[in-house]
Amino acid sequence: MRTDLWVIHLDMDAFFASIEQRDNPRLRGKPVIVGGSPNSRGVVSTCSYEARRFGVRSAMPSREALRLCPQAVFIRPNHAKYAAVGRQVRAIMRRFTDVIEPLSIDEAFLDVSGQDAVRVARELKEAIRAELHLTGSAGVSYCKFLAKLASDMQKPDGLTVITWERAQELLPTLPVRKLWGVGPASEQALHALGIYTCGDLLAYDPDTLRKHFGKRADELILLARGIDPRPVVPYREAKSIGEENTFPVDQTDREYLSRLLERYADNLAEELRRQGLYARTVTVKIKWNVFVEGGPKGGDFLQITRSQTLPMPTNDARTIGRVAREIFARVEWEGRKVRLLGLSVHNLVKQGEQVQAYLPI
């Protein structure tokens, strides 16, 4: 890991809703919900902090949001406008560094090594406020994981710094769900082992942890110690994202394989969010222990893929995992064993460039 790395994670505050409040003074101070209509099967895209005080959250059904906050003002998303503002934010970022890794339309990592990172974060926030009349929360640290963790500690309009010394104070009691890449399925698997905090994780036998999580165990251990070797990588567009595993012993345990798909879904959802992408198609790949002769390679193991297209693009781990399990449950085994299992997502779209028809209004 680089010892001279300094990273800023900038996360714009309630981005879509804040833009609407900025552009319409009558909405300022009111609970604003950007998303689908509560009169149909709409969902909340985002909401203002005034609405969040009533328990409204992103991805919540709009009807539930209306029940929690009857006085809320619902606004149809204008993704073209949000994307334009996102480009303005990115242009301001580029004044400070060219090494920018977008996570979504409203958040990004910036590599500001060799500069006064705290000063840069402060000036970046001030420029966005002065020119765009919006606020963002910044986290500053020596690695990406902790910079992202820091940006969420003083929202909205915060600036938090996590040094190595501060990390050693925070991490022992940090819930494992806060670790990079730990989604609902991984959190549940860790809890089943009695691991609830980073301190618990570091106290657990690493060899036993590897039996449950494979090479991912070592990544979790490093994160729990405050070590994240990943560099800030400028965005490169992907056509699909996937993960698969060839087993040393052919598998017949459907429940185990179903849980493995959930773990894959956690990882894919995290990667989608990292790249600011949503997926509309989920594909399960299975290679059986049945060898079929022929073809250019002289033969190969029998393989099938099964896909399902979603009504709306998603980067939610639970949704991807649920669809993957449903696909898997429909596969007929016919007495065969599983040699390889994979999960991938396709038909990727960038946040802010989604077709508005995807959102039920």
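Heads up, residue numbers simply count up from 1 along the chain you see.
Every residue, even glycine, has its Cβ placed from backbone N, Cα and C.
According to Swiss-Prot, the domain 'UmuC' annotation covers 7-183. Restricting the average to the domain 'UmuC' (7-183) gives a pLDDT of 94.
According to Swiss-Prot, the feature Mg(2+) binding site maps to Asp11, Asp106. All chains included, 25 other C-beta atoms sit within 10 angstroms of the C-beta of Asp106 (Mg(2+) binding site). When secondary structure is read from DSSP and collapsed to three states, Asp106 (Mg(2+) binding site) falls in the coil class.
Sequence annotations record features per position, and here Swiss-Prot assigns site 'Substrate discrimination' to Phe16. In this structure, Phe16 (site 'Substrate discrimination') is part of a helix by DSSP. Sequence-distant neighbours of Phe16 (site 'Substrate discrimination') (same chain, 6+ residues apart, CB-CB distance under 8 A): Val34, Ser45, Thr46, Pro77, Tyr82, Asp106.
The active site annotation in Swiss-Prot covers Glu107.
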Give the sequence-ordered list of residues that share a chain with Asp11 (Mg(2+) binding site), lie 6 or more positions from it, and have CB atoms under 8 Å from its CB.
-> Asp106, Glu107, Gly136, Ser137, Ala138, Gly139, Lys148, Ser151, Asp152, Lys155
Across every protein chain in view, the count of C-beta atoms other than its own within 10 A of the C-beta of Glu107 (active site) is 22
